[in-house]
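Asks: Got these off TrEMBL a minute ago, pasting:
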DOMAIN    A:25-210  domain 'Electron transfer flavoprotein alpha/beta-subunit N-terminal'
BINDING   A:230, A:256-257, A:270-274, A:287-294, A:308  FAD binding site
């Protein structure tokens with residue numbers, strides 16, 4: 001409290017936020033191989049909605065940090081980029097990264113930490129919240145005030161508005177990417193400040209990763225998504241039926257949990273409460289019944305199209321355009337109509 | 001030091017009583033929560049955690065499994081399910097029917113128990129399907145300053161306490177090596193939980209369950225986050241059906257998406 005009061009006195013005149021209130025936000029600018037994760041730009045937008053001063057932080061191995069900082073400097077709305085490099089920070093190992101954030105946040109008088117609700121933040125942020133003994137506010141969809149936020153609960157079937165109390169000295173927040181626009185990557189000119197790396201003595205070691213390589217757009221940010229469910233019946237069908245349609249539309253491919261569990265699609269393609277949340281311009285659900293866990297991941301899409309044999313499938317209750325048909329006939333026909341192969 | 005670690009792992013599995021995943025929830029009249037007069041069951045990710053612990057024990061009988069829940073009187077049912085799945089004993093941290101216990105308080109409670117009972121492996125679900133916060137396991141690892149293996153889809157614990165884990169990350173999978181003591185959180189594909197058999201349900205009734213209050217552990221469960229409101233999400237109206245692929249294409253053109 002003392003630190004924040006001092007800060008308020010020192011800087012209150014510089015900002016035009018509501019009188020008597022002050023926020024100083026830090027945005028976790030997730031990077032991989034020196035490239036920023038675009039989702040972090042949505043966390044910048046959420047931080048802007050809180051108001052006050054906003055800094056970013058880039059953490060990783062030396063080579064990656066050098067590259068990512070160059071990219072981060074240009075982000076509009078950031079006054080400063082903190083950077084910290086250590087081999088222990090490569091691959092976002094939470095045991096090493098969380099203590100660094102736990103040091104930076106009090107040292108730099110940060111009140112709010114924002115990050116996109118990605119696998120990396122979902123791993124690092126709770127550990128950090130534990131280290132700082134504060135709550136975590138996960139997957140927010142709206143900022144209603146400096147300490148008031150909205151987030152979906154019960155698989156998106158209810159919207160909770162919550163107010164954080166003074167007991168939580170630091171607000172640790174992850175942001176639902178599809179609910180906020182991305183901040184611009186140009187126009188900013190943030191100063192860069194290096195932060196000394198913290199001790200990393202955890203026994204946890206990164207061994208390897210296996211990333212599904214695809215020529216298609218990234219599922220989480222694609223403008224169009226074609227998703228398949230259990231009705232595709234096999235992995236071979238999944239690819240044979242969905243790939244030409246995805247190619248014809250320039251869409252990403254998604255899947256229901258049933259399709260992933262049956263081994264038709266890789267689990268990184270899963271859309272839903274426990275997978276990715278998407279909100280594209282166009283979402284085509286093919287052979288997906290529309291369980292609430294799946295709807296949680298796609299019902300904010302602008303236009304939902306459903307192709308399903310079962311006229312009573314729940315997916316038709318949310319679909320803007322529904323076609324009751326056998327997908328094995330309808331999808332190839334659709335591809336043909338779209339001028340694909 | 002790890003060479004001398006006993007093969008026996010003292011496993012703690014936190015389980016939560018949550019509204020059943022198949023229930024279509026309704027907003028409560030006061031607009032501060034949801035209608036709770038519905039079917040409850042064990043949070044699905046916790047079933048997976050329980051199953052993983054039981055599978056470890058099936059491979060090595062020396063492991064000990066304790067199920068723990070923080071919840072109202074009715075949460076005893078969730079513990080009974082855990083015992084019937086194969087937990088050796090259970091701890092019920094009792095709170096009032098209307099108490100909201102936030103992830104931080106739950107993590108603080110479990111930390112105290114783990115320290116008291118000398119647990120060295122905690123297997124928790126990656127998130128509860130009611131509040132969808134997904135923070136308790138990570139907070140617990142932070143509070144205890146133990147390593148963590150979140151969103152695990154494969155877990156191998158060796159006799160010497162070395163751990164290999166495959167995790168689900170954005171875009172694919174990641175392999176980590178770490179050591180006990182450890183907090184693991186489960187992802188869907190870690191395993192397929194069993195149904196408790198009738199004989200096991202009967203046997204579970206004889207197993208020990210300890211009742212304790214948060215205050216006994218010195219943990220303050222007063223919420224730090226105030227619920228302002230709980231509302232229905234904006235409703236989507238189905239737009240009706242079309243008869244043919246041609247009509248579908250016409251609708252897509254009309255909407256300007258192709």
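Placed from the backbone N, Cα and C atoms, the Cβ positions cover glycine too.
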Asks: Determine the most Cβ-crowded residue among the binding-site residues A:270, A:273, using a 10 Å radius around each Cβ and all protein chains in the structure.
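Replies: Of the binding-site residues A:270, A:273, the most buried by Cβ count within 10 Å is A:270.
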Asks: So among the binding-site residues A:288, A:291, who's got the most Cβ atoms within 10 Å?
Replies: A:288
Asks: Does residue A:294 (FAD binding site) have same-chain partners at least 6 apart in sequence with Cβ under 8 Å from its own Cβ, and which are they?
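Replies: Correct list: A:229, A:256, A:257, A:271, A:272, A:273, A:285, A:288.
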Asks: For chain B, give the subset of the binding-site residues A:230, A:273, A:288, A:294 whose C-beta is less than 8 angstroms from one of that chain's C-beta atoms, in sequence order, otherwise 'none'.
Replies: A:273
Asks: Where does residue A:270 (FAD binding site) sit by DSSP, helix, strand or coil?
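Replies: Its secondary structure by DSSP: strand.
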